[in-house]
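Shown next, in structure tokens, is the structure this report addresses.
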Amino acid sequence: MPTTPRPSSATLQAVPPFWLLAAVTMTGTAALHIFVPALPDIARDFAVTRPTAQYTITLYLVGMALGQLVYGPLSDRFGRRPLLLTGMSLYLAGLVLAALANGIGMLLAARVLQSLGGCGALVLGRAMVRDVAGRQDAARQLATLGLVMGITPAAAPAIGGLIDGWLGWRALFVALALVVLALLVLVLRRLPETNRALLPLPGPSAILFGYWILWRSPAYRRYTIAGACAATSLYAFLADAPFLLVGIMHQAPASVGFYCLLAVAGMMLGTLLARQLAGSASPQRAAPAFMARRGNLLCLASAGLLVLLSATHHLGLAAMMTLLVLYAIGIGVVSPNALAGLMNTHPERAGAASSLYGFLQMAFGAGFTWAVSLGIGGPENAMALVLLAAAACAGASLWRA
């Protein structure tokens, strides 16, 4: 397929600063996580039910899933930078609209606008890293990006709770809008175009065909399934945590956030380990498939023990959290290597590859959350079974990757 060379600009750097790519990518889910503590206040202020207030989260996830399918292919044609600027502008507009919302309908519309803008940062941040990183260095760079991304779900709810308690929920959107505005200025000044080989303009059928080209590639399909299973399987614990820790293990409600933070910290530790191994191991052992398989073995072992202890009624708090942290470390190793593997299969379609992966992540995460909500055998058993199923699915996909 013919390509169009991307003209260079003397006013922009040849290589984008990684810290800026990481900061921009982090903002993609910041509005999701920072907003969670404010849900009771939203329900009270707008006199709506709790499920109605939770639509502000649901619609955000739906918008992120669908929006990711569009950004990648369009960025393969028009470039990463203009699409990123467009997405960040939409994100900023949605934040301002939410801060001014006078009813739940206006707030829901603002949340959809935020998600459609913010998801561009997730897709394009990964694609830009792959654009500028060599094939061997991509795993290391994406592992670093994953490590930084782990900060958002760990820190954002705590920060959101402080701001909400001090200044109210509208201040959450004002604070985040100021951050996005500052990053938008930095992107304008310091972020160059990284896609140097633009593809022809795709129509809807061409976009779908592009996704089909990716999906029919066995390597891409296997890495994508493995990465989606690993990256979102921990949602099963996060969704189950309040019922499991408080209702079954009789912990204080205020401690739930701490235990969730432990799990996220384990994932960040695994990502850091993956980054170090990618930079120091031999080329064979640093290969994405090799490292992802080793990380998945840790997931399988820890999830298997969780199922065994839960089935025999020997699953205490200490054992559960130890095994969950080990599982999360395995996730931290699998995720960046699966991502590097799938992005290397079709570097000329890095945007579309990132988009389809992001969409499937959201879909798998929703499936895991739904499965654990069924409560088969009790909250602890349901969580353990979902984690084991996710690890087994990832392992089967990686077997021949």
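Using N, Cα and C of the backbone, Cβ positions are placed for all residues, glycine too.
Positions annotated as domain 'Major facilitator superfamily (MFS) profile' by TrEMBL: 17-401.
Among the features that TrEMBL reports, transmembrane segment is placed at 18-40 (among others). Listed as Cβ neighbours of the transmembrane segment (18-40) (distance under 8 Å, sequence separation of 6 or more from its ends, same chain) are residues 50, 53-54, 56-57, 60-61, 64, 84, 88, 91, 94-95, 111, 114-115, 118-122, 124-126, 128-129, 141, 144-145, 148-149, 151-153, 156-157, 159-161, 163-164, 169, 172-173, 176, 179-180, 183, 186-187, 190-191.
Taken from TrEMBL, the feature transmembrane segment applies to 52-71 (among others).
Feature annotation from TrEMBL assigns transmembrane segment to 83-102 (among others).
Same-chain neighbours of the transmembrane segment (141-163): 18, 21-22, 25-26, 29-30, 33-38, 125-126, 129-130, 133, 171-172, 175, 257, 261, 264-265, 267-268, 271-272, 274-275, 278, 332, 335-337, 339-340, 343, counting only residues six or more beyond its ends whose CB sits under 8 Å from a CB of the stretch. The transmembrane segment feature in TrEMBL is assigned to 141-163 (among others).
Marked as transmembrane segment by TrEMBL: 169-188 (among others).
Positions annotated as transmembrane segment by TrEMBL: 223-250 (among others).
If you look up TrEMBL, you'll see 256-274 (among others) marked as transmembrane segment. Sequence-remote contacts of a segment are chain residues at least 6 beyond its ends whose Cβ falls under 8 Å from one of its Cβ atoms, and for the transmembrane segment (256-274) they are 139, 143-144, 146-147, 150-151, 153-154, 157-158, 234, 237-238, 241-242, 245-246, 291, 295, 321, 324-333, 335-337.
Within the chain, the transmembrane segment (295-312) has long-range Cβ neighbours (under 8 A, six or more residues past its boundaries) at 226, 230, 233, 270, 274, 319-320, 323-324, 326-327, 329-334, 337, 377-378, 380-381, 383-385, 387-388, 390-392, 394-395, 398. Taken from TrEMBL, the feature transmembrane segment applies to 295-312 (among others).
As annotated by TrEMBL, transmembrane segment applies to 318-343 (among others). For the transmembrane segment (318-343), the residues of the chain that approach it from at least six positions outside its boundaries are 126-127, 130, 138-139, 142-143, 145-147, 150, 219-220, 223-224, 226-227, 230-231, 233-234, 237, 249, 259, 262-275, 277-278, 288-289, 291-292, 294-299, 301-303, 305-306, 309, 350, 353-354, 357, 380, 387, 391, 394, 398, 401, judged by C-beta separation under 8 angstroms.
Summarising the annotation, TrEMBL assigns transmembrane segment to 355-376 (among others). For the transmembrane segment (355-376), the list of distant contacts is 61, 64-66, 68-73, 119, 122-123, 126, 211, 214-215, 224-225, 227-229, 231-233, 235-236, 239-240, 339, 342, 382-383, 385-386, 389-390: same-chain residues at least six beyond its ends, Cβ to Cβ under 8 Å.
The transmembrane segment annotation in TrEMBL covers 382-399 (among others).
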